[in-house]
């Protein structure tokens, strides 16, 4: 802890640079998420339209606007690079860590604990996986974290003026959250604070001052809400009923999963700090009266977790907002353990990292080398990747072992367990995964044919977004499948963006009279190119991605 106290800021900055900045540009974009958000912002900048999101020139109503604004600004500053695509998420994660540090300082007035909380947060597997990935979840997590910090300020406020200011800030944070991901940003803070206001008997205060937060949120979001309602009257109907009600509650909700789905996600997500999880949560409950700030954090963790577990639609990214309060609970528990020399949990944490690292290293070595016949992850030419992956996870285990030694004296170095893996992960991905989920590699290998084509079509929205991003054109056509663009394609002015499988042959005859045609299809595992497709002048196949190139006819 002395090391954190003496040079915590420098160590934290170094860790952030190594994990969140250094390796980011070299990693290819993943489809469908990263290619989608990259292309939406590229098109917004190209069109100069910061009100209505479009993807491939088609209306895209799945999310509000603020997250795209983050990404727009990133691309405007850093250009069309993978780093720019991910910088919005990285910046949001950094600000979330700042809020974690600030709240820890407000709670405990201890710089070492504050730095530790921020370090735990930034080093959590779920946080750095999503926080360096181009999705909107780091941004909504930022605003939910900010809203809970603002709510804590309302609890500390002593005068009516201070309470009004704190509730106004709370409303502004919720308003930004709403403009990032919708009504979720309003529901999560409300359910998080209910147990707190009940325990502290502040229900009356919430009723009196709560409307100030509502007014603040409305004032912030109303200009864009009215602007898009004027431009696209159907936006709010689609966004509310389809994106919220169906996704979370109805029988046909997207990404359905059992109620216990988040338990293993939570355990994996807090690595390399899993050994602190049970006792930190238990401490928050046992000391809820003596240390009400721990109950504040516990409610912030559990209420959203219960809410997302009950909802039918589930994704691992949904519980990212739970990581900030968890890091604070863990920091408080670890600090108490270290101060009282109760090192058992810290040793257990090291043992978990040791076991996890070496089990993963062994599994990758055995499977990667083809020693388990029916499990094929890497090709015969990818043994170097297998060795690097084995070394990366072995490094995780070695650091875990080091944190156990000398009575867990260096327990806080658990943050370094995933460091080697993070730095190398871009070079460890099997080629079959790259060719399926990272279309930039495929596009670059077939760039001449694709860039010279008058028409480019594909049967995957994620691949289409990748094509549009790499080729800097938004007129990529959808072939056979509509995917998440189904709603936007229903508009009369977007009908020509889609070609059905039945109409493709006739369409191709006319299209080839105007120029070359490229069709990119994504195959299932071991699937062959369908015989029903017209014979191409050139075929390029890379695992599950295939390019059928048709030359212009005289």
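Every residue gets a Cβ built from N, Cα and C, even glycine.
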Given ranges 63-83, 147-167, 231-251, 315-335, the stretch to which Swiss-Prot attaches the annotation transmembrane segment: 315-335
Distant-in-sequence neighbours of the transmembrane segment (115-135), which means Cβ under 8 A and at least six residues beyond its ends: 1, 4-5, 8-9, 11-12, 15-16, 19-20, 24, 29-30, 33-34, 37-38, 71, 85-86, 88-90, 92-93, 96-98, 100-101, 104, 265, 268-273, 316-317, 319-320, 323-324, 326-328, 330-332, 334-335, 412, 414-415, 417-418, 422
Contact between the transmembrane segment (262-282) and the transmembrane segment (87-107) (3 or more Cβ pairs under 8 Å, separation 6+): no
